[in-house]
Amino acid sequence: MNAPAEHDLARQHLIDPEICIRCNTCEEMCPVDAITHDSMNYVVKFDVCNWCNACIGPCPTGAIDNARNVARDRAYSLEEQLDWDVLPDETELDAIDVSGQEASLPAEVREITEIATAGQGGRAMAPWSAAHPYVNLYTVDNPVEATVTGNYRLTAPDASSDIHHIVLDFGATPFPVLEGQSLGIIPPGTDARGKAHLLRMYSIASPREGERPQYNNVALTVKRVKEDHDGQPALGVASNYLCDLKKGDKVKVTGPYGATFLMPNHPGASLMMICTGTGSAPMRAMTERRRRRRELKEGGELLLFFGARAPEELPYFGPLQKLPADFIDMNLAFSRQPGQAKQYVQDLIRERADKVVDMLKDDNCYIYICGLKGMEAGVLDAFRDICRAHGEDWEQLQPQLLAKARFHVETY
Ligand code: A2P
């Protein structure tokens, strides 16, 4: 095929269906409604996307950060994108530099670009002292097989949430991970359309040297899904598959994923961790890393805000209770305790305003938020209010936190 003249080429923004976790963040961030989805894929409308990049930073996996050069009149249609399991291969068109395009954007679009990217502090980055992560070692076409070596329920037998701690062992096959990274699980079988099930991503709950130190294994925190975000019944294909696994079962795994939601490694670095439910997985990984290296006295403070319906619904409640107060400053918010007012993590953040503001201002403190999407706005409001009450301006502080890679959010 002859490459079209350069002026007929366009850069088409695309989403990688292989690593997209369908969290809806990109669709919510897009100021021009260029992103849509069906029950399978999130896709970008070629004729609407203006490359403002508002979606790029907040995407937890980087799935959104993809593009292909296409002839302007032959861009991939929405129908094509909705049908993809993987991105199309690059073509010879991708070798052509079409980067000048943004310069011709109308003024009002450039304005959106500036506001959106300045608000995020530009592209997401890892803390300066984070170890370098391995990513995408295994794909849907080339997964690694792990063996289940443990699967037990974390929540009380009568709790309404069925949350499991699942240990996967990779034997002699390398699967290097860092705290904060995720992996993909490919459930066996096919969906209603006869297509292989899409992979589902799970945060890794164990530290880099293994769930069991010096073993090539990882732990996951998996909640059996019975309903979707809107409370409608959901199949929960992957979570039910995982929660029902027995010791010795084999599982197809992809990844690892994630190059920004990583913990700092330099001595004296503090962590402020805010999570709900299974959003505790990366926090457990980071806390375990610190707990196992406690005698080295290298870390700064650990401040945890953790929200669950009740103590018996809180994953890792027992082990958390055993951690000494001089190791971790723990703040547990319970929303459905009989006879008690509903409490969310953001309520406890307000109660600990002095401490939180000190840590927000401390360049050695890194902030991690993981869990329910709805929590994000509540936590940001709490930060805004307590900053104001302490003579600080959150709107100025947040871009600085982002620019220093001190602020990391992963919600779903
Ligand atoms: P709620 O009892 O109101 O659902 P889940 O058990 O569904 O995974 O949720 C974990 C915790 O997060 C629950 O205590 C839940 O409270 C709480 N939660 C729900 N919505 C929000 C929100 N917008 N902000 C903070 N916490 C929330």
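Just so you know, glycine gets a Cβ as well, placed from its N, Cα and C.
The shown structure was predicted, so the numbers you read here are calculated from the model rather than taken from an experiment.
Non-local neighbourhood of E410 (NADP(+) binding site): P60, S203, F261, G279, P282, Y368, I369, C370, each in the same chain, at least six residues away, with C-beta under 8 Å from its C-beta. Per TrEMBL, the feature NADP(+) binding site maps to S203, K223, T278, S335, R336, K342, G371, L372, E410.
Per TrEMBL, domain '4Fe-4S ferredoxin-type' is recorded for 11-40 (among others). Taken together, the residues in the domain '4Fe-4S ferredoxin-type' (11-40) have a mean pLDDT of 87 on the 0 to 100 scale.
Positions annotated as domain '4Fe-4S ferredoxin-type' by TrEMBL: 42-69 (among others).
The domain 'FAD-binding FR-type' annotation in TrEMBL covers 141-263.
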One finds that other Cβ atoms within 10 Å of the Cβ of S203 (NADP(+) binding site) number exactly 28
Tertiary contacts of the domain '4Fe-4S ferredoxin-type' (11-40), defined by C-beta under 8 angstroms and 6+ residue spacing from its ends, are 46, 48-52, 54-55, 58-64, 66-70, 75-76, 78, 81-82, 84-87, 98-99, 101, 112, 116, 136, 139-140, 182, 184, 198-201, 229, 254, 257, 373, 411-412
Around the Cβ of R336 (NADP(+) binding site), other Cβ atoms found within 10 Å total 12
In chain order, residues whose C-beta lies under 8 angstroms from the C-beta of T278 (NADP(+) binding site), counting only those at least six residues away in the same chain, are I163, S203, T221, V222, K223, P315, G371
